[in-house]
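Structure record follows, encoded as structure tokens.
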Amino acid sequence: MSEKGRLFTSESVTEGHPDKICDAISDSVLDALLAADPRSRVAVETLVTTGQVHVVGEVATSAKEAFADITNTVRARILEIGYDSSDKGFDGATCGVNIGIGAQSPDIAQGVDTAHEARVEGAADPLDSQGAGDQGLMFGYAINATPELMPLPIALAHRLSRRLTEVRKNGVLPYLRPDGKTQVTIAYEDNVPVRLDTVVISTQHAADIDLEKTLDPDIREKVLNTVLDDLAHETLDASTVRVLVNPTGKFVLGGPMGDAGLTGRKIIVDTYGGWARHGGGAFSGKDPSKVDRSAAYAMRWVAKNVVAAGLAERVEVQVAYAIGKAAPVGLFVETFGTETEDPVKIEKAIGEVFDLRPGAIIRDLNLLRPIYAPTAAYGHFGRTDVELPWEQLDKVDDLKRAI
């Protein structure tokens, strides 16, 4: 069926958005613990509201000093984001920080530490000894629409959000404040992006800024035009784009004073902008024994290599686990009719090339490292500003040989 005139929209938010503050805090705590003890088991949730931060969850770690220093870790990340004054609605130096972290459940730990394969089935392979930390299903996706093999709407929305933060932090637009959102609507014909239809940019700003005379033209020139100038997708027509800057009017009250924030509430922003399916599990604050995170990363790794190998123009891969089991209970590959090889053969090749047991994913992607804080904003996938192991194209030749 023709898709002429169909519009698809994705959004992004800046690191100063209340939910993203929480993701950043949770991942900063995770990184601090992993840096001191790579075997730390971490499940940390954060809530922010006016003048307060609450950090709760479960942890098992030998990193006593890092654990004791969590309050300072929290404050440092808030200040780095840019909330350093009550004039901005939040101050990392003076806000209240409440820590309520307990120990990891031994019932969960037993299934992770000694998987069903080792405990019941007598498996001798060390990688069979680590079970999945929970049941669940995870998706990965890749498409040849952008150099980073991401859907164009979310890729463009993230570029705009990153640019908003960049012009604030480097002083190009010093009156901007940390909270902000972007939204991109693109017109598609036969599943190909052809026209940039609408861009929405909402940003927190100082109280004395004139929206019509200052904010709107500045955002168009310093944010939108800069991103569009760098847009590699040459066939995208941006000549008639509708631009909406702060369409509600002034945006002075932002951050935790404007809205409470919570870890894990931006899972579509974190992944594929709604273009691909999502298994439901959030990422931030979770160590890689949690397959919600590590297996979703592995699925992106799989999907990206499949597309890069030329086996399909776009692919979505699902994996599923049972708690306490090492081997996945299911693997499903969808190529949307864009495959160059039989999808059954592609699925078989994936099974031969990628070891999707949790212990193997952690080993192959080297996940027991403090690499997670940068992922807390601007997406976990398709990043061009940081190097992430699940974005590497190291299995292309292996997949071609397996086919």
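Here the Cβ of each residue, glycine as well, is placed from N, Cα and C on the backbone.
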Looking at the ranges 104-114, 280-290, 379-389, which is given as region 'Flexible loop' in Swiss-Prot?
104-114
Same-site L-methionine binder from Glu58, Glu148, Glu334, given that Swiss-Prot records Gln104, Asp259, Lys290:
Glu58
Nearest of the binding-site residues (His17, Gly180, Lys266) to Lys290 (L-methionine binding site) - Cα to Cα:
Lys266
Spatial neighbours of Asp259 (ATP binding site), counting only the binding-site residues Asp19, Glu45, Gln104 and Cα distances within 10 Å:
Asp19
Tell me the Cα distance separating Glu45 (K(+) binding site) from Lys286 (ATP binding site), rounded to the nearest angstrom.
9
Using the structure shown, find which entry in His17, Lys250, Lys266, Lys286, Lys290 (the binding-site residues) has the sparsest Cβ neighbourhood within 10 Å.
Lys250
Over all shown protein chains, what is the count of other CB atoms within 10 A of the CB belonging to Glu58 (L-methionine binding site)?
16
